[in-house]
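The compositional bias 'Polar residues' annotation in TrEMBL covers 305-318, 336-345. Under the heading compositional bias 'Low complexity', TrEMBL lists 364-374. Here TrEMBL flags 26-149, 159-245 as domain 'Ig-like'. Per TrEMBL, region 'Disordered' is recorded for 291-375. Among the features that TrEMBL reports, signal peptide is placed at 1-29. The transmembrane segment annotation in TrEMBL covers 251-274.
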């Protein structure tokens, strides 16, 4: 119903109605309103219609030939915290009412029942019926009122089902179900759909909050779960599909991928650092110093029979190893050779064809015996024999 603002005329009629009820002189006939037993508190469903049954009678002695006229019928809605709201008025054969509000019987009638159509939750409250009658002379009158309670109930609106948590083997999840509108508050029931039908009860089920707790999930618990929200005037339901996975969750997979990428990045950084360090260590060893002094040539005896003027050594070491020691050697001391490879072990001479006796071999350069050179790792070199005349034999 839609509440309309009261006009000044309506307020005036209310004042006159109450004044007549108060100032009317008592008479032998008394007006009395009646309500069926047990119907003082009514319940109706939102969207439907309801009848608030009320009728009146005249009690006491009524003289023959005396007629009574129905002066006024008024219905008011009283709600907590709100002003009194007039929903219907019949005064002096004139009817005014709110939309969806009417009297069941045409006036004048002793039955003043009220019909409400297209009920809404806001139509709940206390409805008071007031009736005023008077005799045909307008001298005697009587007034009476009656109150009825009306509660408009609302069936549960379609609830919403949600899955809270990650459905994996061994984990816990909660199935939630809530209806956005219900009067009285809805109760909830969870069950599992066939072929594995199952009905749940407390403590895993919270019928007030609509939650179902499933612990230690297994693959066999997968299926469709149905939630029913119901109250005394209706019900509604929703469902959610539970799929229990056996593999790791997306967060675990993402963590593993990120960890792998970080590990590969660290490994690549270490390899790059190792290569740079190795390169840095090799560069000083490969550098050629422009100011390095060339090694001096070893003095060989001109008259030596061991190595000819055109002979060459088998190997030459670095310039630093071939440098001559500073100052003359002391008498009787062995002079260390700069390089073992530069020393030549004496080789046997080739046999002469003219039958001459072979000349004794000259000692090794530097005064070092062949046995000492052998222990020091010198390599022997074969040198062609040379005659005294300087020709090769």
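For all residues, glycine too, the Cβ spot is worked out from N, Cα and C.
TrEMBL labels come from automatic prediction, so no person has curated them.
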**Residues of the domain 'Ig-like' (26-149) by DSSP state, where helix covers H, G and I** = 3 helix, 70 strand, 51 coil
**Fill in**
Whole-number mean pLDDT, the domain 'Ig-like' (26-149), equals 86
